[in-house]
Amino acid sequence: MLFIFLTIAALGLSFWAQFKVKSNFEKYSKVEASSGRTGAETARRILDINGLYDVPVEPVRGTLTDHYDPTRRVVRLSEPVYYGRSISAISVASHEVGHALQHQESYGALVLRHKIFPVVNFASGVAPLLFLGGMLLGSLNLIGLGIILFSAAVFFQLITLPVEFNASSRAKQIIVSEGFIRNNEENGVNKVLSAAALTYVAAALVSLFELLRFVMIFLNGRDEN
């Protein structure tokens with residue numbers, strides 16, 4: 001019962017975090033940065049400063065679809081960020097470039113996350129089926145196998161946390177030192193990036209509590225046998 005309550009609480013945190021990301025992004029999308037740079041210009045400048053001239057910056061459709069692709073080595077920014085001159089645009093653009101800088105120096109957590117992604121992607125798809133099959137058939141072996149596979153997905157989300165926090169830290173340091181934001185604009189940057197980081201924390205908690213719930217089901221079933 002406790003784990004169910006914790007999972008519900010984590011889900012609530014996840015929904016709240018998503019709301020905060022969208023609301024803060026929209027709020028500071030309306031506040032133009034004093035530097036007058038677009039998100040694309042900000043990203044390009046930071047990449048060039050760090051010698052990453054061969055890493056392109058491309059627009060991508062959607063909102064909050066921004067990401068760095070380590071396979072193709074490209075920074076993709078949603079159109080509101082790519083073309084925007086707001087505090088939100090500069091914050092998100094610099095965060096994604098932070099991942100490119102991590103890649104440049106072979107930041108351990110990023111490299112590990114990239115290497116295990118194919119395995120985790122497979123495990124995430126199969127684990128729920130094993131849990132369902134195990135509970136319907138009363139098979140502890142299937143549940144146990146599901147736990148092993150789901151553990152990989154939880155591990156992936158946990159190592160995502162330092163990757164995202166580090167990228168945000170790099171982003172704030174660079175845009176302040178280079179003068180992309182000034183004075184009280186830093187407060188807006190902190191709110192945009194902190195809300196985004198919270199979504200990863202919430203997702204990790206949801207996965208962790210789900211894993212613990214299935215571990216308890218497995219242990220209780222074993223005791224009954």
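Along the chain as shown, the residues are counted starting at 1.
The backbone N, Cα and C atoms fix where each Cβ goes, and this holds for glycine too.
The Zn(2+) binding site annotation in Swiss-Prot covers H95, H99, H103. Cβ neighbour count for H103 (Zn(2+) binding site) (all protein chains, 10 Å cutoff from its Cβ): 18.
As annotated by Swiss-Prot, active site applies to E96, with the evidence given as sequence analysis. There are 23 other CB atoms within 10 A of the CB of E96 (active site), with all protein chains counted.
Listed by sequence, the residues of this chain that lie at least six past the ends of the transmembrane segment (116-138) yet keep a Cβ under 8 A from its Cβ atoms are 144-147, 149-150, 152-153, 155-156, 214, 217, 221. The annotation transmembrane segment is assigned in Swiss-Prot to 116-138 (among others).
Residues annotated as transmembrane segment in Swiss-Prot: 140-162 (among others). Remote same-chain residues near the transmembrane segment (140-162) are listed as 109, 112-113, 116-117, 119-120, 123-124, 126-131, 133-134, 200-201, 203-204, 207-208, 210-211, 214-215, 217-218, 221-222, 225 (criterion: CB distance under 8 Å, separation of at least six residues from the stretch ends).
What Swiss-Prot lists as transmembrane segment is 192-212 (among others).
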Q: Count the other Cβ atoms sitting within 10 Å of the Cβ of H95 (Zn(2+) binding site), across every protein chain shown.
A: 26
Q) Cα distance, E96 (active site) to H103 (Zn(2+) binding site), nearest Å? A) 11
Q) For E96 (active site), which DSSP three-state class applies? A) helix
(Q) Using a 10 Å radius around its CB, how many other CB atoms surround H99 (Zn(2+) binding site)? (A) 22
Q.
List the residues in the vicinity of the Zn(2+) site, defined as same-chain residues other than H95, H99, H103 with C-beta within 8 angstroms of the site's C-beta centre.
A. Y68, V75, E96, V97, G98, A100, L101, Q102, L110, V163, A167, R170
